[in-house]
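Asks: Starting off with a structure, shown below.
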Amino acid sequence: MLFNQFISSIDPFGIIFILLMELASSSHRTLAGNSALISYTFGEIVITLFAYITRNWLILKWLNSAYFALLMFYLYFVPESPYWLLSMKKFDRLEACLRKIAKTNGRADIEWFFYYEKLIQDHRVTILIIKPSKKKRIASFAPKLCVCGLIGFVTMLLYIKISYGLALMNNTLSPHLSIVIGAIVEGIGYLSANFAMITRLGRKYALIVYALFTSGCVIVMPFIQDHHPIATIVVSQLGKLAISGTVSVSWIYVPELFPTSMRGFSNAVLIFFGRFGAILAPIIDATLGNQYSKITFYVYAALTLVIIVLVLFLPETRNRLFEDMEENSTTDPVTNDNKENNHENPTKTDAQ
């Protein structure tokens, strides 16, 4: 059982999420990321269906394993990330990957190959610049990584707190139906976040709006849960929608804050601390009991406000090129142009 839990904890979802975003252009990253999250809600419904059919945890484990095994063959057809190939200087594989993407998009060589050659030339000039060691680079990103870790911790703490609370308070519905309804509400939250992020709100202020919405629902809960059960369920479902939107924005926003070489690590930090939040939420509720449970609502709301304040100091990433920040912040020795402000000619990996 311990071995099974260890293997189950190796969650490929974060890797899949990053790959999806890196395979999309800057104008389609939000759609790619939210497609993965919405698909996650369909997965919740499928697992619930398996649980309803089996009614046995061991059979459910075997059924889930068989389900994943049947889908493993699809990984053979998944392309590699062009950004990763560029960062690892695998130019031959990058060209082959871009040719395949261009063919799929109906692009002739004349439309993209010139930009690819210029990209490689600029990249080879850039790598001649002495870059700091990996430890120094991680240290330079440490404050931002700490904020991302806190975002992951608080968002998953609230996600599990709200979901766990919905499961406990709703005695009129079966747990299977409750999960299905929650998955539908979660999907609506992801969809609404998708539309919010492509408006003027962008990533940064969409995260702030959904976090404020979540905090408001959490604060209201202690005042209504004892005497207004229907209102409590409605507010809890609104909270589920709000926290789902917050999770959606954070999963897209955090990878965009970091260069390709740090993107996987930053996402790992987000997930790692998010797991701590997911573990702590039910433990805290079970340990404190009903007498002190109301206090947790105020503490969680306060933590959400702390996140909002910290996010105000982070940059907006909407419509920014998905390329290394080191390259964006340096001056090209060939053209003497600052790449951070030059968005007129995006790299071909992004344009494709």
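The backbone N, Cα and C atoms fix where each Cβ goes, and this holds for glycine too.
Copying in the features that TrEMBL gives for the protein in this structure:
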type	residues	note
COMPBIAS	337-352	compositional bias 'Basic and acidic residues'
DOMAIN	1-319	domain 'Major facilitator superfamily (MFS) profile'
REGION	324-352	region 'Disordered'
TRANSMEM	6-24	transmembrane segment
TRANSMEM	36-54	transmembrane segment
TRANSMEM	66-86	transmembrane segment
TRANSMEM	141-162	transmembrane segment
TRANSMEM	174-193	transmembrane segment
TRANSMEM	205-224	transmembrane segment
TRANSMEM	230-253	transmembrane segment
TRANSMEM	265-283	transmembrane segment
TRANSMEM	295-315	transmembrane segment
Asks: Counting only residues 6+ away from its ends, which parts of the chain sit with a Cβ under 8 Å from the transmembrane segment (295-315)?
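Replies: Tertiary neighbours of the transmembrane segment (295-315) are 144, 147, 150-151, 154-155, 157-158, 161, 204, 207-208, 211-212, 214-215, 218-219, 221-222, 257, 284-285, 288.
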Asks: Any chance the transmembrane segment (230-253) and the transmembrane segment (66-86) have 3 or more Cβ pairs under 8 A, given the pairs are 6 or more apart in sequence?
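Replies: Contact absent: fewer than 3 Cβ pairs fall under 8 Å.
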Asks: Taking residues 6+ outside the transmembrane segment (141-162), which of them lie with a CB under 8 Å of any CB in it?
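Replies: Result: 214, 217-218, 236, 239-240, 243-244, 246-247, 250, 254, 257-258, 262, 265-266, 269-278, 280-282, 285, 296, 300, 303-304, 306-307, 310-311, 313-314.
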Asks: Looking only at the domain 'Major facilitator superfamily (MFS) profile' (1-319), what is the model's average confidence as pLDDT?
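Replies: So the average pLDDT across the domain 'Major facilitator superfamily (MFS) profile' (1-319) works out to 80.
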